[in-house]
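Undergrad: According to TrEMBL, the protein carries these features:
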type     : residues                                                                                       : note
ACT_SITE : Glu321                                                                                         : active site, proton acceptor
ACT_SITE : Tyr414                                                                                         : active site, proton donor
BINDING  : Gln152, Cys153, Glu154, Pro291, Phe292, Gly293, Gly294, Met295, Glu296, Arg604, Met605, Lys606 : peptide binding site
BINDING  : His320, His324, Glu343                                                                         : Zn(2+) binding site
DOMAIN   : 501-643                                                                                        : domain 'Peptidase M1 leukotriene A4 hydrolase/aminopeptidase C-terminal'
SIGNAL   : 1-15                                                                                           : signal peptide
Amino acid sequence: MKFYIIAFLIIASFGVDIDKNTFSNYREVKMQHLHIEWLLNLRTKIIDGSAEYTFKVTTAELKEVHLDIYQMEIKYAYYPNVGKVLDWHVESDPKQSLVQGDKLIIKLGQSYKYGDIFQLRIKYQIGEAARALSFLSVDQTDDKKAPYLFSQCEANNCRSMIPLQDTPSIKFTYSATVLTQDSQINVFMSGLPVENNKFALMEQYNMNGIAKIFQFELKIKIPAYLIAIVAGTVQEKATGQRTSVISEAKNIDIYQKELEDLDKYVKYLEDYIGEYKWGFYKIVILPASFPFGGMENPLLTFANPSIIVGDKSGVSVAIHEIAHSWFGNTVTCNNWSNMWINEGFCVFLERKGLLQLFGEIDYVYVNSQVGTKEMNALIKEFNTSTDPVVKSYASLHPITEDHNADDSFSTIPYERGYQLLFYLESIISETKFQQLLKDWLRQNEYQSADENDFYNFMITWIQSNFTIEQFLAVKQQIDSVYTKWVYETGALPVKQGFGNHASTQATDLAEEWLSSRPGEQPQGYEIFDQFKSNQKQLFLSYMLEKYINMNTITMKQLDLSYNLSENKDAELLFRWYTLSIQTKYATTNTNLNQIRSFVGKIGRMKMINPIYKALDKNTAQTWYNENKNFYHPLARQSIENIIKSKGQQINVELL
Ligand SMILES: [Zn+2]
């Protein structure tokens, strides 16, 4: 009997994929509810914070709580009801402090047993060192009236705003009180606003200095990385019955117009996957330094203004973020080595929504082809590394231990993950796979999961929904690729073509340019102007793949023919600018200055990182120094990594 118990425990623990990027003892005690209280001082860039936790014990005996923190000042910890102050200290590994942060250890002064529930409070202060936060000065805003603040917690950055169990394995409800000292400033958080001072203040303040008090709550459990805040002269405008846009006043009408179909997008996704359970959907168009295209904070998606192109071609980002309401926010990866459990599934659902938007599968496949090109280039790049950690970034299970989980972030979990699901769908049929996904959501609603959970769920599901012969055949097919797809770093085990007429038009035209004589335009070159934005992206991605054959005369001809350097669509501009640097067109033409200005106006990493990668070290360093203050801390980190990896090469030509 004993043997069987031990054997069972070994198997059970082997099957659990724990989070190696948290210092918290989250397997022994779990946050159930978090209440935060923040006094914002945006002019001095300081936030006085208090956090109250409701914990549940999940071990036989608990004497300490360990939380993640990053560059913050802890003032004290105490029991709220009796006011008893608790001993605490910070355990710090100098090698990890600026990478993943530190461990805050709170001694509870007593033992708790399995199932006990207790509350704790911590008072602390954070400032500019909080890498989740971007404090913008008045002159960095559109309205130029007041300072601005926004957060970005994914992956492990929430620990720089709040001491907590910063792991996607732990989900909790939260509420918040935010006090401001400037009456022009509005605050939104990833929760529903509540009124009439529902929550009593935890701290005492000099109320003469307080302009407004905002309160929020979210009754659906979320992981720490989905806590979000934006504060500034921001306002909200409805875009439909259950959707709205939030931004500074300057461009809000333009944003509202571009996003007028948000209600429809939510409906497209509901048609495929089931009810949207979060109530409202709100999207904030942030300042251009926001480092991502979008971030799926529940009830408060954040988006970069580069998604507002004027022809609605950038709204696929909004559809992607809405799709996270199911994949990512309802079922969440349980650690950052499993990010594809969020992103791969989300892209899959996004493309189901895009099919309804475009009305033709061809245009969805163009997106898949653009994604595939970017993925293949990265798989190649990561595989040239001698560092096993970097190499693992080409797989669906990157090594994140001892590293900032953000380092492994790339298009791989999106596209490699998407293609795995696309392949699985092709094996078991569209309608069956749709049902499988719905059941996966239902079974794992408001929980966290990993690739083993998905595999086990899928196999059991197929077993109950197919005949035994079919099941065995399908299982064999899945087993021949699943492990390779997830864990191996090489090319995908099954190549998907996504062939279609719209893509062929784009790649044929690119091919004609590549083989045209210098100074000559291919016949029918004007067709480019009729392309959709994603076909133009594919055209440029194809060029980027084969640029070795391009000469600067052809580049100039291309520029003149399509007015590429002056384009307004940032999706096209960053590809064109990268190509301009790689082909040395930028060294002999004035578009070098346009590129320099582009990287100073936009902080979206997807768009500036390829440019920094293409630049020589000196130029990259010079441009980075010019724009460092504008970039979000996460973008800074990532560009610094790019510059560091360039070694000592010097190319004065570009300066
Ligand atoms: Zn996403």
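Note: Cβ is positioned from N, Cα and C throughout, glycine not excepted.
Small disclaimer: the values here were computed from a predicted structure and weren't measured.
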Undergrad: Tell me, which recorded positions from Gln152, Gly294, Glu296, Tyr414, Met605 are within 10 Å of His320 (Zn(2+) binding site) if we use the C-alpha atoms?
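TA: Those close enough are Gly294, Glu296.
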Undergrad: In whole Å, how far is Glu321 (active site, proton acceptor) from Gly294 (peptide binding site) when you measure between their Cα atoms?
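TA: Spelling it out, the Cα of Gly294 (peptide binding site) and the Cα of Glu321 (active site, proton acceptor) are 7 Å apart.
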Undergrad: Given Glu296 (peptide binding site) and Glu343 (Zn(2+) binding site), what distance in Å do their CA atoms have, once rounded to a whole number?
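TA: About 11 Å separate the Cα atoms of these two residues.
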Undergrad: Sorted by position, what residues of the same chain at least six away from Met605 (peptide binding site) have a C-beta under 8 A from it?
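TA: Expected: Pro291, Phe292, Leu634, Ala635, Ser638.
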Undergrad: From the Cα of Glu343 (Zn(2+) binding site) across to the Cα of Tyr414 (active site, proton donor), what is the distance in angstrom?
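TA: Per the Cα atoms, Tyr414 (active site, proton donor) and Glu343 (Zn(2+) binding site) stand 5 Å apart.
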Undergrad: I'd like to know which of the recorded positions listed (Gln152, Glu154, Phe292, Glu343, Tyr414, Met605) lie near ligand 1, counting only a CB under 6 Å away.
TA: Glu343
Undergrad: Round to a whole number and give the Cα-to-Cα distance in Å for the pair Glu154 (peptide binding site) and Glu343 (Zn(2+) binding site).
TA: 13
Undergrad: Reduced to three states, what secondary structure does DSSP give Glu343 (Zn(2+) binding site)?
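TA: Going by the DSSP assignment, Glu343 (Zn(2+) binding site) falls within a helical segment, counted as helix.
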Undergrad: Round to the nearest Å and give the CA-to-CA distance linking Gln152 (peptide binding site) with Glu343 (Zn(2+) binding site).
TA: 17
Undergrad: Look up Gly294 (peptide binding site) in the DSSP assignment and report helix, strand or coil.
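TA: Its secondary structure by DSSP: strand.
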Undergrad: Over the span of the domain 'Peptidase M1 leukotriene A4 hydrolase/aminopeptidase C-terminal' (501-643), how high is the average pLDDT in this prediction?
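TA: Summing pLDDT over the domain 'Peptidase M1 leukotriene A4 hydrolase/aminopeptidase C-terminal' (501-643) and dividing by its length gives 94.
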Undergrad: Report, in whole Å, the straight Cα-to-Cα distance of Glu321 (active site, proton acceptor) from Glu343 (Zn(2+) binding site).
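TA: Roughly 10 Å, rounded to the nearest whole number.
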Undergrad: Counting only residues 6+ apart in the same chain, whose Cβ is under 8 Å from the Cβ of the residue listed as 'active site, proton acceptor'?
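TA: Looking at Cβ-Cβ distances below 8 Å from the residue listed as 'active site, proton acceptor', excluding near sequence neighbours, one finds Ile283, Gly294, Met295, Glu296, Thr301, Ala303.
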